[in-house]
Amino acid sequence: MAIVRVAEDVEAGVVGAGGGGAGGEVTEPLLRRCGKEEEAEPKIRDEAEASECGSQGRLQADDGGSLRMVLVSTAVAVCGSFEFGTCVGYSAPTQSGIIDEVGLSISESAIMLYFGRILLGFSTGVLSYVLLICSGSSATYIIGALVAWRNLVLVGLVPCVLLLGGLFFIPESPRWLEYIESLRSFPKARLEDLLLSKNIIAVIVGVGLMVFQQLGGINGVGFYASYIFSSAGFSGKLGTILIGIIQIPITLFGAILMDRSGRRVLLMVSASGTFLGCFLTGISFFLKAQGLFPEWVPTLALSGILVYIGAYSIGMGPVPWVVMSEIFSINMKAIGGSLVTLVSWLGSFAISYSFSFLMDWSSAGTFFLFSAASLVTILFVAKLVPETKGRTLEQIQDSLNSRR
């Protein structure tokens, strides 16, 4: 580059006899030197261009390697959520087989089943933030209708092995490392800080959404789908296969709508759909109990459950988790998210354990209760849940504070 600058100075006539000054004569030796350097200049430029091309090639190679690592890391992460989905969907197609072969009552389970479910609950709780859960549950619904319940366990082992092996080859994400670094500038969050006036509305919104998500009956419907269909006179295996087929495309459709229509609208539309689905299912069991229009009972039950699953998958399933991740301030995200997740799983346990007893009490009444919870959900979202789409954390916090 120094040679290029000297040549430009010569052409502009700014280099004098002594090599400095402005507007002087250009000396013969300098011209001769410049002539030789000008001859060498194309070679130097060629070398520079070659070096630049080599750098670009290395950058492209690095970019390709980074992309591969991102894809591998993502694939490993979603193996965990796929495994989560297989755990969620396991009991629906296997319940009748387990009860018949092991000889269990409604409230029993074998000790090893208890132990296994506790381990699965602990492990999948860590994966609650990750996507692809719906795909895992759909695959389990479909495969579980075709294989024995003991063989279905093997389906869940495949993503476990891939996840465990893949974790040795993926790095910590830069975003996570930046997040850890940024937390050092904030005071350490304590559990009692959640009760402060600046945080309490976020806690009410996050916890409330999870409570209403569970009161809507998703784990009762999801865990006992085959039993519900059979009780209504429809094929349990065919019913769970149909659930598995509709879940994935509807969830993808909901993901597209989430950033277009907004969180609040999607939640209210979804809760309206879960209300309709539970109400139709309740009507089907009411007709069955009264001995009215028996030919309508299976169709109403199937329609109600499919409407319910579709409506839940489009909003009440994924959106509460998205909103939860957006409403807490940076230093409260970990402790706030942990509390919300704990409430979700406590609700899941309560609904899934009590569902069989509720169905023995009144099948129609069970679904009417779920439909009533969906109506209250609409009011809760309309009154308290802020819109978080396209808004900064500061704007979301201001919106929450205005609802005190």
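Cβ from N, Cα, C; glycine included.
Feature annotations, courtesy of TrEMBL:
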- 1-389: domain 'Major facilitator superfamily (MFS) profile' (DOMAIN)
- 118-143: transmembrane segment (TRANSMEM)
- 149-170: transmembrane segment (TRANSMEM)
- 200-226: transmembrane segment (TRANSMEM)
- 238-258: transmembrane segment (TRANSMEM)
- 265-287: transmembrane segment (TRANSMEM)
- 299-323: transmembrane segment (TRANSMEM)
- 335-355: transmembrane segment (TRANSMEM)
- 361-382: transmembrane segment (TRANSMEM)
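Taking residue pairs at least 6 apart in sequence, the transmembrane segment (200-226) and the transmembrane segment (335-355) share three or more C-beta contacts under 8 angstroms. If one looks beyond the transmembrane segment (299-323) by at least 6 residues along the same chain, the residues whose Cβ comes under 8 Å of a Cβ in the stretch are 128-129, 134, 205-206, 209-210, 212-213, 216, 218, 221-222, 225, 228-229, 232-234, 239, 242-243, 246-247, 250-251, 253-255, 257-258, 263, 266-267, 269-274, 276-285, 287, 367, 377, 385, 388. Of the candidate ranges 149-170, 200-226, 238-258, 265-287, 265-287 has the most C-beta pairs within less than 8 angstroms of the transmembrane segment (361-382). A Cβ distance under 8 Å defines the sequence-distant neighbours of the transmembrane segment (200-226), meaning residues of its chain 6+ beyond its ends; these are 88-89, 91-93, 95-96, 137, 141, 194, 236-237, 239-240, 243, 267, 271, 274, 278, 305, 308-309, 312, 316-317, 319-320, 323-324, 327-329, 332, 336-337, 339-341, 343-344, 347-348, 350-352, 355-356, 358-359, 366-367, 369-370, 373-374, 376-377, 380-381, 384-386, 397, 400-401, 403-404.
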